[in-house]
């Protein structure tokens, strides 16, 4: 077995303490954390900055899901796995590694501070290594995820320096997003138990359409508290909408529209409804 696929070394280094540590590190790459983190940054820090991060994550996540289901590369032996949350998803490329580069890499790029670059690099390496430690990805999966994430980040940098975003109107960008989503959906390598997440596509569109430049009134403690309240609302909404989608089984084209609209509604709640609620109470501008 080549070094790219061999995980026999991992069992010899496992300890209860390390396992607990890397299990928690790995949580940083799962959707619940990502959505709550981006939502918190949107409310507390900068709506525009975290909207850019959100859009890049949507793009990266869809590309990763497409590649996994296209190549259908099996994960390491189940006896090595310590993370049951992977379900039936495939191995190549590592979504955690790819998303880590796009999230923390873009955040460091936006901040342009040495401490942010060092922190982002450390987090990316820890998250990537955690997937091998937990036995759910081999070295080939992880390195590929890091490379693909870096390519996506590089394309983003190219678009920024050439002012691609500013060259199109909001309506044009909605059309571009819709076209990208149609391509992903139409060409997605669907097979039993694996299909494009229409809900996720709706979330992507809703985030762009619903963007609001919210600013809480002065006071860091108040701002932090209101941001926490906001992400509690986001969490409750995410759980409720997910359960609603699962409880009402709709098939065919109607099912696609239903899932898409639920995702759209969720993002608009985060980016538009919650900000207007705080403005209505005169707690934000």
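Glycine too: its Cβ is placed from the backbone N, Cα and C atoms.
As given in TrEMBL:
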DOMAIN    50-157  domain 'Phosphatidic acid phosphatase type 2/haloperoxidase'
TRANSMEM  27-45  transmembrane segment
TRANSMEM  52-71  transmembrane segment
TRANSMEM  91-109  transmembrane segment
TRANSMEM  116-136  transmembrane segment
TRANSMEM  142-161  transmembrane segment
TRANSMEM  173-190  transmembrane segment
TRANSMEM  196-212  transmembrane segment
TRANSMEM  224-241  transmembrane segment
TRANSMEM  253-274  transmembrane segment
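Highest Cβ contact count with the transmembrane segment (173-190) among the listed stretches 52-71, 91-109, 142-161, 224-241 falls to 52-71 (criterion: pairs under 8 Å). Between the transmembrane segment (224-241) and the transmembrane segment (52-71) there are fewer than 3 Cβ pairs closer than 8 Å, counting only residues 6 or more apart in sequence, so the two stretches are not in contact. Distant neighbours of the transmembrane segment (253-274): 39, 42-43, 47, 51, 198-207, 209-212, 230, 233-234, 237-238, 241, 244-245; these residues of the same chain sit at least 6 beyond its ends, with a Cβ under 8 Å from one of its Cβ atoms. Long-range contacts of the transmembrane segment (142-161) within the same chain, counting only residues at least 6 positions beyond its ends with a Cβ under 8 Å from a Cβ of the stretch, are 4, 56, 59-60, 63-64, 67, 92-102, 105-106, 109, 124, 128-129, 131-132.
Remote same-chain partners of the transmembrane segment (116-136), defined as residues 6 or more beyond its termini with a Cβ less than 8 Å from a stretch Cβ, comprise 7, 10, 13-14, 18-19, 22-23, 25-26, 28-29, 75-77, 80-83, 86, 91, 94, 96-97, 100-101, 104-105, 107-108, 142, 145-146. The list of residues near the transmembrane segment (196-212) in space but at least 6 beyond its ends in sequence, with Cβ under 8 angstroms from a Cβ of it, reads 47-48, 51, 54-55, 58, 61-62, 65-66, 173-174, 177-178, 181, 184-185, 188, 190, 242, 245, 256, 259-268, 270-273, 275-276.
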